[in-house]
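First comes the structure, then the notes that go with it.
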Amino acid sequence: MGASHLHDDPRPGSPVDHQPTTWGGIIKKWPKQTFLIVGNELCERFSFYGMRAVLTLYFFNILNFSQSFSTVLFHAFTVICYSSPLLGSILADGYIGKFWTIFFISIFYACGQILLAFSSIAPSGSSHHPLLDLLGLLIVGLGTGGIKPCVSAFGGDQFPAHYTRMISLFFSMFYFSINAGSLISMWLTPYFRSMSCFGHDSCYPLAFGIPAILMIVATLVFMAGSFWYKKVPPKENIIFKVIGTITTALRKKASSSSTHQRSHWLEYSLDGHDCALSTECKNLHGNCAQRRYIEDIKRLFRVIVMMIPVPMFWALYDQQGSTWVLQAVGMDAKVFGFEILPDQMGVLNAFLILFFIPIFQSIVYPTIEKLGFQMTMLRKMAGGGILTAVSFFVCGIVQLFVNPTLPYIPMANEAHLTIINTIPSCDFNVLIDSREPFDLLRKSGIAPDDSVRKPISFTGDDFFQPNITFDNLAPNCPKFTAEPMLAPATSYVLTLSPNGWAYNAVRPEKPKSGKGELSMGLNLIVPCDKIPSNVTWEQCNGTEGYSGAIALCKVESDVITDNNNVCDPTAKGKFYVLSNANPLDVHDFSKKSTVTAFGRTYSPIEMKPGTYRLFYTDDSRTHFTPLNLPPVQQDHMGGQYLITVSTRSKNDSEVLATTESLVSYNRVSILWQIPQYVILTAGEVLFSITGLEFAYTEASPQLKSVVQALWLFTTAIGDLIVVVIFMLNIFSDVAVQMFVFGGIMLFVIFVFILLAVFYYEYADYSNESEVLTEKMIVDDDHTRI
């Protein structure tokens with residue numbers, strides 16, 4: 001538009017169109033289509049953070065990956081999410097513009113969410129897993145990253161450039177929609193996950209399906225404003241321009257003669273440049289546009305050097321969604337009668353960031369400066385990095401208290417053995433090979449022990465067959481020798497019962513579902529001819545064990561008046577069935593290694609804490625016959641227990657039971673995670689928000705979009721660091737892992753402080769003759785643009 005037409009142009013955005021200063025004027029001139037962009041962002045952030053909140057537990061529980069590999073996949077997904085914005089920026093700025101980039105990639109994004117939701121319907125172990133899951137996540141990662149640099153910038157495009165007050169208000173609304181979407185979804189989606197659907201104990205199809213629906217809604221909401229949007233056509237991509245300049249400089253430096261030296265290697269790109277022939281230089285009245293551009297790139301490199309600690313910050317920060325969630329699974333989630341799901345703790349960060357930002361701006365920073373300490377940007381970042389490291393030290397200390405409740409896991413060359421004595425009135429003195437003998441007392445009662453006995457360890461390179469001698473002084477108690485065959489890297493339970501001794505492999509582990517459950521298994525050493533006569537669905541001879549199902553039904557009292565009313569198969573959280581049974585060889589005491597009877601060992605199931613009675617039940621779950629036993633009561637989550645049921649003697653139909661604690665229940669409250677979240681969020685305010693401000697203000701106006709892309713890419717690098725470290729499988733202890741990450745962060749911040757003191761000087765663009773209006777893109781993760 002020529003200068004002669006400026007005063008005749010009545011359209012908004014021309015110099016005569018003054019920025020409104022009153023609320024009435026702002027409302028009148030506000031571009032109404034921006035509300036659709038804000039609504040789109042709200043739905044998209046709900047979609048992304050809702051899916052991401054439950055992702056680690058989905059890897060762990062449904063895809064059955066290890067904790068370490070689940071963490072690797074979570075961070076690999078984040079790498080994709082924060083690498084792909086570069087592609088979205090190139091596509092939008094250089095080819096099809098922001099509007100069409102958002103539209104096409106949103107459809108692609110929604111397809112990924114739908115594919116992930118569809119794949120999660122298949123049961124664990126299905127051939128659909130994990131190919132469809134990972135394909136869906138790849139599409140989601142490319143989609144969310146592709147639109148990330150476009151949506152907020154597209155919203156800013158709807159305003160005249162000089163409407164700075166309205167643009168600021170828009171980004172405040174945009175920022176609020178980001179945090180509102182993430183806050184709501186991170187609280188609700190774990191609840192969706194904890195429901196039951198499609199025959200599963202969890203409902204990941206709902207947890208992924210609702211975000212998929214919200215992504216479809218986000219796309220439709222965005223397209224609803226198509227007719228009214230201001231669509232800025234694509235222009236030269238500044239990222240390509242910078243890369244081209246650097247490439248040209250390196251190429252010309254390599255081919256230049258030794259007599260033709262430049263003061264800086266970037267200045268070689270000026271070879272062949274003639275200001276007299278450049279339109280840009282003419283418009284700057286003698287100033288060389290290309291030389292000033294080269295100076296801007298030099299400053300950019302100085303900013304990049306100061307961004308060295310940023311990837312390490314994200315390497316720590318993003319472990320909220322992986323390592324910290326898995327830590328919460330091993331903690332007591334009951335708080336004042338309510339239950340907090342482990343993947344809901346991330347809500348604390350989303351809430352605290354909204355609370356801390358005004359507190360730091362209005363109270364913390366002014367107070368510190370009144371004490372005579374100037375809060376420069378680099379000082380804030382150094383303080384934030386230190387706080388981030390401290391949060392990981394706190395997390396490591398919490399983990400030290402969690403560790404004693406973790407299961408004993410045998411090494412690759414080790415076998416573990418736990419011996420359970422259920423024989424009434426018999427205590428034993430046990431001698432294993434040439435080890436020191438120890439006393440084995442009889443267990444009485446069905447109530448589980450409050451503590452877990454450390455298993456006996458055998459070490460070697462091959463199978464173990466220890467000679468275990470059981471001796472006693474009682475005349476009616478057996479004296480015998482057991483020689484179980486034990487495999488390395490396996491845990492076993494050896495059970496002494498009135499019918500003989502038996503041993504079987506067990507897998508000590510905490511419940512993985514993250515729904516406040518415990519794990520209960522069963523060894524049943526009851527011959528079929530000793531079960532009640534009304535259990536007609538099992539026909540066998542006297543030596544065979546009962547192989548039908550056992551129901552655990554939640555009861556409120558010890559008195560049972562109607563079996564079928566106690567057991568309601570439709571009652572969620574009150575009815576469970578042990579049905580996956582394997583034969584259990586029962587060896588005779590007097591005949592070495594001779595199998596004289598058979599029992600059944602039932603694989604453990606996850607169930608809610610409470611008081612339960614045991615019932616024989618048929619396949620249709622319509623008939624229930626109680627075992628004449630006291631109820632089993634356990635009010636704590638996170639433990640693993642083994643119930644052993646046997647007859648009182650070989651010729652007796654009366655049954656007795658004991659319960660062994662194989663894995664301790666969760667003893668450390670999940671509330672102990674609050675300090676690490678508080679400290680990390682404070683570090684985020686100091687480091688991340690200030691770091692964004694530093695990177696944005698220290699770059700020249702025309703290179704701010706490059707800095708935006710680099711800022712996003714630091715997140716990808718940070719998560720890649722986590723992926724590499726976990727792939728190396730260095731840590732076996734989460735506490736050590738947290739301390740090491742915190743220590744690395746402190747070292748990086750120490751280097752950063754040295755750079756800030758001896759290397760960096762703040763840039764000054766106040767005398768720039770060219771004013772470029774750039775809109776800051778607010779990232780969806782509080783501070784990433």
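Glycine is treated like the rest: Cβ placed from N, Cα and C.
Per Swiss-Prot, the N-linked glycosylation site annotation among the candidates Asn467, Asn541, Asn767 falls on Asn467. Segment contact holds for the transmembrane segment (99-119) and the transmembrane segment (208-228), given three or more CB pairs below 8 angstroms at sequence separation of 6 or more.
Tertiary proximity for the transmembrane segment (345-365) is limited to same-chain residues at least six positions away from its ends with a CB under 8 Å from its CB atoms, namely 53, 179, 182-183, 186-187, 320-321, 324-325, 328, 375, 670, 673-674, 677-678, 680-682, 684-686, 689, 782. For the transmembrane segment (46-66), same-chain residues at least 6 beyond its ends with a Cβ under 8 Å from one of its own Cβ atoms are 73-74, 77, 113, 116, 120, 124-125, 129-130, 133, 137, 140, 144, 181-182, 184-186, 188-190, 193, 202, 204, 207-208, 210-212, 214-215, 218, 321-322, 325-326, 329, 342-344, 346, 512-514, 780.
Taking a C-beta cut-off of under 8 angstroms and a sequence separation of 6 or more, Asn467 (N-linked glycosylation site) has the following same-chain neighbours: Ile432, Asp433, Thr481, Glu483. With respect to Cβ pairs under 8 Å, the transmembrane segment (711-731) is most closely packed against 72-92, considering the stretches 72-92, 208-228, 382-402, 670-690, 738-758. Contact check: the transmembrane segment (738-758) against the transmembrane segment (72-92) gives fewer than three Cβ pairs closer than 8 Å, residues 6 or more apart, which falls short of the contact criterion. Sequence-distant contacts of the transmembrane segment (134-154) (same chain, at least 6 residues past either end, Cβ-Cβ under 8 Å): 37, 40-41, 44, 48, 51, 55, 73, 77-78, 80-85, 87-89, 91-92, 98-99, 101-102, 105-106, 108-116, 119, 171, 174, 229, 708-709, 712, 775, 777-780, 785.
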